[in-house]
Structure formats: C-alpha cells, structure tokens
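**Student:** I have a structure here, written as structure tokens, and I will follow up with some questions on it.
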Amino acid sequence: MRLCVALDMASKDENLALVRELKGLDLWLKVGLRSYLRDGAKFIEELKGAGEFKIFLDLKLYDIPNTMADAAEVVSKIGVDMINLHASAGERAMKTVMERLNALQNRPLVLAVSALTSFSESEFEAVYNDTLSRSVRKFSQMSFEAGLDGMVCSVFESKLIKEVTNQNFITLCPGVRPFGESAGDQKRVANLVSAKQEDSDFIVVGRPIYENENPREICERILEQI
C-alpha cells in the first residue's frame with residue numbers, strides 16, 4: 001500500500017513548504033483541481049524539483065470522448081504519473097482516452113472515479129438512481145474493459161472492485177483518516193486497519209497530515225504501518 005499526500009492547502013507556498021518538509025519520504029503527491037487551476041503546470045514542475053515524488057493530478061476529467069482525450073493528452077505531457085476521469089462518462093469515452101494515451105511514449109496511470117467519497121448511500125442513489133454497490137461494480141467492469149489501470153473508490157469498495165476485475169487493478173482510496181481523525185466533508189471514511197484489510201493499493205491523506213503540527217512525523221507513522 002502506498003501513501004499519497006493531498007496538497008489541498010490554501011496557497012502554493014504552503015503546499016511547497018509541506019512538500020519540502022516531506023522530502024526523502026517514499027510517497028506520492030496529489031494535486032487537486034483548486035491547486036492546478038490556481039498554480040498551473042509550473043506548479044507540477046516545482047513539485048518535481050522539490051524531491052523524487054510521483055504526482056497524481058486529480059482533475060476528474062468528464063466531457064465528450066474527444067475532448068476528454070485531448071485534455072488527457074495535454075495533462076499527460078506535463079510529466080505527471082497518474083491522472084483520473086469519471087467512469088460515468090462512459091466506456092466509449094474511456095476507450096477513446098486510452099487509445100490516445102497508449103500512443104504516447106510514456107503515459108501516466110489512468111484511474112476512473114466510481115463514486116465520490118463525499119456521497120452517502122442515499123445521496124448517491126438520488127443522483128444516479130441506482131445503489132452504490134451496483135454502480136461501483138458496473139463502473140469498475142466498464143473501466144477495466146476500456147483498458148484503464150484502476151479506480152478511485154472508497155476503502156470499502158476496494159475488494160469488490162478487485163473481485164469483478166482482477167487483483168492487479170489499482171484501487172486508490174481517498175477519505176482515509178489514519179488514526180481516527182474527524183471525517184470533515186467525507187462520508188465514507190476509513191482508517192489504516194480497514195484500508196489494509198480491504199486491499200487498498202493507495203490511500204490519500206490530506207488534512208490529518210497538513211493540519212498536524214508535525215506533518216513529517218505523521219507521514220512516518222503512516223508509512224511504518226502500511
């Protein structure tokens with residue numbers, strides 16, 4: 001299991017200060033929509049220069065097939081190691097993206113978002129008119145058939161996803177509160193024990209790290225346990 005630190009702080013300077021503090025640790029960095037819109041591709045370059053970190057660009061692409069493929073190609077060429085898109089864009093859109101990216105010399109890992117971890121079961125059903133578990137199963141199979149590398153999902157969906165695809169299909173799980181911290185705006189949260197039991201490949205941790213007085217110490221504690 002790998003640790004991915006969410007760079008969701010209020011400014012680029014704060015994010016870079018955190019990254020410098022974590023230099024030398026074996027982890028990934030997640031750049032979300034706010035940080036990317038505010039700080040741009042140059043921020044990715046700065047992160048690459050701050051240490052030997054791999055970068056997950058979390059933009060959750062969602063559009064018509066060719067537009068998604070165009071966008072995926074652009075972000076792939078700035079040197080990130082993982083990107084994502086919404087599975088609900090459909091299998092044709094996902095296949096179009098993968099056909100485009102497989103033509104590149106070095107493409108990033110591509111994951112599909114099943115259901116945002118901010119959704120409760122009832123909220124998900126109100127939007128998608130289906131149960132969460134049935135939709136996750138369907139989205140996972142579609143993504144696997146389209147040639148993607150894995151899914152962004154809650155810890156509690158990780159085993160199900162691997163059962164309907166295969167054990168090498170990556171699961172990246174946000175909403176992890178390593179030591180029982182506040183859930184914040186997440187609904188489907190889990191701790192480290194659950195993440196390990198459910199065979200999660202990546203866990204994403206943000207606030208419990210950057211809101212702590214000693215972010216490096218927390219990261220080291222997490223890395224020791226995973």
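For all residues, glycine too, the Cβ spot is worked out from N, Cα and C.
Sharing the features that Swiss-Prot gives for it:
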{"type": "ACT_SITE", "residues": "LYS60", "note": "active site, proton donor"}
{"type": "BINDING", "residues": "ASP8, LYS30, 58-67, THR117, ARG177, GLN186, 206-207", "note": "substrate binding site"}
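Mind mapping these onto the model and telling me what they sit next to?
**Tutor:** Here the Cβ of LYS60 (active site, proton donor) has 17 other Cβ atoms within 10 Å, regardless of which shown protein chain they belong to.
Shown in sequence order, ALA89, GLY90, ARG92, ALA93, THR96, VAL97 are the residues of the chain, 6+ apart in sequence, with a C-beta less than 8 angstroms from the C-beta of PRO65 (substrate binding site). In three-state terms derived from DSSP, PRO65 (substrate binding site) belongs to a helical segment.
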**Student:** Compute the C-alpha separation of THR117 (substrate binding site) from LYS60 (active site, proton donor), stating it in Å without decimals.
**Tutor:** 13
**Student:** Using a Cβ cut-off under 8 Å and a sequence separation of 6 or more, which residues in the same chain sit near TYR62 (substrate binding site)?
**Tutor:** MET68, LEU85, HIS86, SER88, ALA89
